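Asks: Dropping a structure here in C-alpha cells format, bear with me for questions.
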C-alpha cells in the first residue's frame, strides 16, 4: 500500500509525461453512445485498472486504444503522439501489446509458434527472403525462438512449448496469451479481463505475474477487469466507468469508497 | 535438473523446422529413377500428376495455410498455360523461358485479384473466385482475342528435341526428359513452400487463417500477407499451367473450365488441407480416380467418382497426409 501511494504522489506531479493519454473520447454505434467524453492518463510504469458494470464501455475503450474500433470524437495519445491515424497492425510495433477477453490464440499452431507470432513486429524478414531461406533468416529465427523460450520460462510454461493449443487448459491458455503479447516488448500491455474464468490459485498467480511484468520489464499495464479483488490488489490507480462516462479516477482505496462507484455497482434505490 | 530442461530445450530449438531428409532423400531417388522403369505412357501420367501437385500446393498455400477460399484456380492455370503457349507460338520463345514467365504473369494476376478480395470473407470470396473461374474459358474464346489465343481451336505448342548429348549417351526420351524437368521444378517449389511455411511469413499466414483480429493485433499486416499469398498461390498454379501446356503440346479454352478448379480443390482436400507433401497424393487422386471411374462405367462415371470421394473422405477425414500422421503416431506408440 505504501508503495502504491508513493507512486501516485510522484505521477500526479508529472501528469504531462503520461504514456497513454485518452482525451475526451466519444464512440457512437448508430444511435447508441458507447463512450461519452472519457479522459484519463496512464502514467508510465504504473498498473492501472479500468472498472465498471457490464455495458459501461470498458471493452469499447479498450478496442479503441488497440485501434480495433474508430473513435468519433477526441484523441488517444501514445508517447505524446496520436495513434488514431495508424492501422491496427502498427500498434504492436510502437509498443502497444494486448491480450483478449475470450481466448484468441492461434488454435492450429504449436505454443512456440503462437509465442513467436507475438514477436512478429520485432523481426523483419520478408516474403522473398523467407521463401528462399536466405542465410540471415536463420539468425533471426534462432533469436526469436530463443526469446520465445525465455518468455515461456518467465511464465513457467516451458514444458508446453511444443504442444498444440487445443489440449491446454483455459488457465494455461490465458497465461500463453500474456506471454505472446509480451514478446513484442510492449511499453504498454492492455489486458482484457485477465482474471475471467480463473480459479483461486490461478488468480493469485495472475496478481504476481502482473507485478513481475511491470517490475522486470518496466511495462506499464492497463487491465480491464470485473474481478474487484484482483483490480484493487494489483492496481495503483483505478478508473471507473459507467454508461460510457468516467465516474471516478484515483487510488484503489479511494475508488472503493467513492459514492458514485458504489451506487453504480450496488444501486442506492434513490436516484 | 534445470540444465536437463535447458538442454532438452536447446535440442528442441535446433530441431524446429528441419526438412525430414530421411523421408525426402528416398523419395527424390525413387522419383528420379522411376521414368527409367515405367513405360512412356506411365511416365507421361507421372508428369501430369506432378504438375497437378504443384497447382494443388499453390491452392493449399492460399486456402490451407492462409484461409482464403478459391474456386477460381483454373483461371490461373489457364493464364499460365496461355502465357507460355502465346510466347512460344507467336513469339518463338524457347519453352524453358516461357514457363517462369507464365508463373510471373500469374503472380501479378493473383496479386491484383487478391486486392479487392481483401474485402471478401469466406463464402463471398469463394463466389468471387468462382466468377473468375467460369469467365476465363469464355474470355479465351472471345472473338476480340482470337488472334492471340486461337479462339476455340486453341494453340499448338511444339517441344524442342531432348538435348543431343542426353539422347545419344543415355537414350533419354522426350517423356523422360519432361518428367525430369517437371520433377526438378516440383522439388524446387516444394522446397520454397516448406521455407515459407516454416518462417515468420508462414506463421503470419497461418495466424491470419486462425484468428485475423489477433493476428493484426500482433503486428501482422494482414492485407499485405493476404494479397502476396494470393499472388504466390497463383504463381504456383501458373507454373503448373505453363508446364501442362508444353507437356501436352496444346492449349484450348475447354481444358480450363470451372471443373478444373473443383478438381484442384478436391485434390487439396484429399491430399490434406494444410499439408505440403499431401499435394502429391492429391495430384495422383485427381488424375487417376476419374479415369478409373470412367473405366467402371462410362455412363455413371461421375456417380462412381462421387461415391469414391465420399468413401475417401470418410476414411481420411483430414486427408491423406492426416492419415499418414495418425498412423505414424500409432506405430510410434506401439513400439
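Using the three backbone atoms N, Cα and C, a Cβ is placed for every residue, glycine included.
Automatic, uncurated: that is what TrEMBL annotation is.
Quantities reported herein were computed from a predicted structural model and do not represent experimental measurements.
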Asks: Could you tell me which of the ranges B:97-115, B:154-172 is annotated in TrEMBL as transmembrane segment?
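Replies: Result: B:97-115 is the stretch TrEMBL calls transmembrane segment.
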Asks: Which range, B:21-38, B:201-218, does TrEMBL list as transmembrane segment?
Replies: B:21-38
Asks: Cβ pairs under 8 Å only, please: of the recorded stretches B:122-140, B:177-197, B:299-327, which one is richest in them relative to the transmembrane segment (B:44-62)?
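Replies: Comparing B:122-140, B:177-197, B:299-327: B:177-197 has the most Cβ pairs near the transmembrane segment (B:44-62).
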Asks: So, does the transmembrane segment (B:21-38) come close enough to the transmembrane segment (B:122-140) to give 3+ Cβ pairs below 8 Å, pairs being at least 6 apart in sequence?
Replies: no
Asks: So which residues does the transmembrane segment (B:74-91) touch in its own chain, when a touch means Cβ under 8 Å and the partner is 6 or more beyond its ends?
Replies: 55, 58, 97-99, 101-103, 105-106, 109-110, 129, 132-133, 135-137, 140, 148-150, 155-158, 233-234, 237-246, 251, 253, 255-261, 264
Asks: Looking at the transmembrane segment (B:260-287) and the transmembrane segment (B:177-197), are there 3+ C-beta pairs under 8 A, with each pair at least 6 apart in sequence?
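Replies: As far as Cβ distances go (cut-off 8 Å, pairs 6 or more apart), the transmembrane segment (B:260-287) and the transmembrane segment (B:177-197) touch.
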Asks: Need a quick answer: max count of Cβ pairs under 8 Å to the transmembrane segment (B:97-115), which of B:21-38, B:177-197, B:228-248, B:299-327 is it?
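Replies: The stretch I would name here is B:228-248.
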Asks: Take the transmembrane segment (B:21-38) and find every residue of the same chain, 6 or more past its ends, with a Cβ under 8 Å from one of its Cβ atoms.
Replies: 46, 175-176, 179-180, 183, 187
Asks: Six or more residues beyond either end and a Cβ under 8 Å away: which residues meet both conditions relative to the transmembrane segment (B:299-327)?
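Replies: Hits for the transmembrane segment (B:299-327): 266, 269-273, 275, 277-278, 281-282, 285, 289-290, 292-293.
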